[in-house]
Structure formats: structure tokens, C-alpha cells
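Undergrad: Pulled these from Swiss-Prot:
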SITE      Asn9  site 'Discriminates between blocked and unblocked aminoacyl-tRNA'
BINDING   Tyr14, Phe64, Asn66, Asn112  tRNA binding site
ACT_SITE  His19  active site, proton acceptor
SITE      Asp91  site 'Stabilizes the basic form of H active site to accept a proton'
Amino acid sequence: MQIWAGLGNPGPKYALHRHNVGFMACDVIAEMHGFEPVQKKFQGWVQEGRIGSEKVLLLKPGTFMNESGRAIGEAMRFYKLEPQDVTVFYDELDLEPFKIKVKRGGGAAGHNGIRSTIRHIGEDFRRIRIGIGHPGHKDRVTGHVLGNYAKAEQDDLVQMLGAIGAEAEWLAKGDDARFMSDIALRLQA
């Protein structure tokens, strides 16, 4: 079993924020792969399903971004899993918008949701970094991260999320390189 957690803030007013792209990725994966209905569990919302032959628990923490690790740690301990069984989808300022990178281990790089996750489960989990781009000046970061995607970005957002959902089987199989390359090919088309 694997836990795939999408980071974001709960509530409709945050739903379209760039900071919630991890939640969006989980929603698309659940829809494309026919996951079970949402249940309230582990201080958040979960959906169970299969991707290929792998059982996957999708988790959207309801703790707000800065405490995301509490929900992830609780789910990991309940299922007696290791950090290596956890994948976290989140927004990344230091990547161009709609670019995807997979990374295992490392620090938080200023991301409070990742910092919380490290605090609760350690560093050795897989991260799906979803580029949101940097606004240029540090004074504009908060407004950018907590801002909605622009109308002009909607097509790219839908295409990128669809690519994540369509290529999720490679993540389930542990083939991070194939996941990234197939997404890049889909986004170039």
C-alpha cells in the first residue's frame, strides 16, 4: 500500500489557489482511476483505490498547509508504513509553471507543508513538485502562492493535471523517470 498526499488548505475559498495544486492532483487521480468515495479520516479526507496493481490511499489533510504532516503521519502509522511508502504532491515556486519534478528525500526548501511533513515522518518520502513559478520578487510570493490560477492558465492547468492522472501508474510502479518523461511528452503535444 502507498499513501499519496496532496497538500493544500481546506475550504472553498482556497480551492483554486496555486498552493492547493496538490489537492487538485489528488482529485484528478481519484476521478481518472475510479477511487472510492471520499471519507473523513486521519484529520483530512481520504479515498482508496488501485492504480495498476498497487493499492493507493489518497489523502488531503484538513489541517491547513502548515500542519499537513500531522495527518500524513497519522495515516502512515495507522497502516504501519514507512516514509518510503509516502508520496506528497505540492506546489513548487522554484519550478516553471506546470513543470513536474520528482524528488526523494531532502529538505523543505521553505515550503511549510513539506517542513511539517518532515517533522512528522522524516525526510525519506517521495515528492512530486508541481511548478507554479516565482513571481519575481520575494514581497510578491505570498500573494502569488495564495492567489487563484489566472483564467489564461486554466487550459495549461487542466492539461497538466490530466497528465498527472494519466501517468500515475508509473508512480505506483516506482518508475519516477518514466512518469516525468511521459508527462513532459504529453505537455509538449
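Including glycine, each Cβ sits where the backbone N, Cα and C put it.
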Undergrad: What number of additional C-beta atoms lies within 10 angstroms of the C-beta atom of Asn9 (site 'Discriminates between blocked and unblocked aminoacyl-tRNA')?
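TA: Cβ-Cβ neighbours of Asn9 (site 'Discriminates between blocked and unblocked aminoacyl-tRNA') within 10 Å number 20.
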Undergrad: Should any of the recorded positions Asn9, His19, Asp91 have a Cα within 10 Å of the Cα of Asn66 (tRNA binding site), which are they?
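TA: So far as Cα distances go, the recorded positions lying within 10 Å of Asn66 (tRNA binding site) are Asn9.
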Undergrad: Applying a 10 Å Cβ distance cut-off over all chains shown, what neighbour count does Asn112 (tRNA binding site) have?
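TA: Asn112 (tRNA binding site): 16 neighbouring Cβ atoms within 10 Å.
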Undergrad: Work out the three-state DSSP category of Asp91 (site 'Stabilizes the basic form of H active site to accept a proton').
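TA: In the DSSP reduction, Asp91 (site 'Stabilizes the basic form of H active site to accept a proton') maps to strand.
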Undergrad: Please report how many Å separate the Cα atom of Asp91 (site 'Stabilizes the basic form of H active site to accept a proton') from that of the residue listed as 'active site, proton acceptor', as a whole number.
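TA: On Cα coordinates alone, these residues lie 6 Å apart.
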Undergrad: Based on the record's binding annotation for tRNA (Tyr14, Phe64, Asn66, Asn112), what whole-number value in Å is the widest Cα to Cα distance?
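TA: Between the outermost Cα atoms of Tyr14, Phe64, Asn66, Asn112, the distance is 16 Å.
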Undergrad: Can you tell me how many other Cβ atoms are located within 10 Å of the Cβ belonging to Tyr14 (tRNA binding site)?
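TA: Here the count is 16.
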Undergrad: Taking the centroid of the Cβ atoms of Tyr14, Phe64, Asn66, Asn112 as the tRNA site, which other residues of that chain lie with their Cβ within 8 Å of it, listed in sequence order?
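TA: These residues sit around the tRNA site: Asn9, His19, Thr63, Met65, Glu67, Ser68, Gly113.
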Undergrad: Would you pick out, from the recorded positions Phe64, Asp91, the residue whose Cβ has the largest number of other Cβ atoms within 10 Å?
TA: Asp91
Undergrad: What does the structure give for the C-alpha distance between Phe64 (tRNA binding site) and His19 (active site, proton acceptor)? Integer Å is fine.
TA: 11
